Amino acid sequence: MLEPKVWREAATQVFFALGLGFGGVIAFSSYNKRDNNCHFDAVLVSFINFFTSVLATLVVFAVLGFKANIINEKCVIQNSEKILKLLKAGNLSQDIIPHHINFSSITAEDYNLVYDIIQKVKEEEFDSLGLKSCQIEDELNKAVQGTGLAFIAFTEAMTHFPASPFWSVMFFLMLVNLGLGSMFGTIEGIITPIVDTFKVRKEILTVICCSLAFFIGLIFVQRSGNYFVTMFDDYSATLPLLIVVILENIAITRIYGIDKFMEDLKDMLGFSPSQYYYYMWKYVSPLVLLLLLVASIVQMGLSPPGYNAWIEDMHLE
């Protein structure tokens, strides 16, 4: 919780979920009527996003927990078979195994009990036995994020679901629709200001933008694509997005003027917005965002970017 990266990624997730900083929300809102109740829309979207995030969190951790439990069960079975082989070969004495242990239907608790006993009895020779602890906490603590979460952890867990082909198809259809839905807002944020400013044909500009994005996106499907995804996520989306949001806040509250902006809202809504928004926009939000930006830059300076490389000679040693 004390890592600046955690809070930066949390803020970025809010930006991505609500479409802040991309221009999509502003582009869509430009099509509203002047007297549209933007206050109600903003509150409604925020609450929908909150409950959607909670639901997604429950689903993600439920699936990861299911996957960790399946892997732990396999670990217990495989290592129980190793113990049986060691008992038959005479490397372990049957006397050290509790009488209630049944290796044909052993539980994780019983296996951990046997594992601890063998570790104490065979203290010096234990490493040569090749037994694993099979702790479910170890599986849960393995960091899975980004593309690894969607295309490895989830798909591996779904192979154990009843009617797994159906859930796999539904899952990848959801990913496709999620990606398309996100890109609609992003492309609209690019196209709308250009069309409004230069009066170009929207159809032609849309084709050009989509084609350009398609060809740029081809670098992500190479064998080294995951490195480009990580690089773009960390240095082309996360940090610049934080800077864009700060500049947007400064432009409204300091350059345009927060008092004038509040008057515009009153004229549009027909009532004065709460002073809560005034103080949050003018003081709290820019201060928190600036602290987050400074902490992120300091952390990036202390830990320069790098990547893990597969060096065959080192791994063979």
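Glycine is no exception: its Cβ is also placed from the backbone N, Cα and C atoms.
Curation does not apply to TrEMBL; its annotations are automatic.
The Na(+) 2 binding site feature in TrEMBL is assigned to Asn49. For Leu178, Ser182, the entry in TrEMBL reads Na(+) 1 binding site. The transmembrane segment annotation in TrEMBL covers 12-31, 43-64, 166-192, 204-223, 235-256, 276-298.
Structure with TrEMBL features highlighted.
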| residue | record | CB count, 10 Å |
| --- | --- | --- |
| Asn49 | Na(+) 2 binding site | 14 |
| Leu178 | Na(+) 1 binding site | 11 |
| Ser182 | Na(+) 1 binding site | 15 |
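Contact counts against the transmembrane segment (12-31), taken as Cβ pairs under 8 Å, peak for 166-192 among the stretches 43-64, 166-192, 204-223.
Long-range contacts of the transmembrane segment (204-223) within its own chain (CB-CB distance under 8 A, at least 6 residues past either end) are made by residues 183, 187, 190-191, 194-195, 229. Residue pair Leu178 (Na(+) 1 binding site) / the residue listed as 'Na(+) 2 binding site' shows a Cα separation of 14 Å.
Annotated pair Asn49 (Na(+) 2 binding site) and Ser182 (Na(+) 1 binding site), C-alpha to C-alpha distance, rounded: 14 Å. Through the fold, the transmembrane segment (166-192) approaches residues 16, 19, 22-28, 30, 150, 154-155, 158-159, 202, 205-206, 209-210, 213 of its own chain, all at least 6 residues removed from its boundaries and within a Cβ separation under 8 Å.
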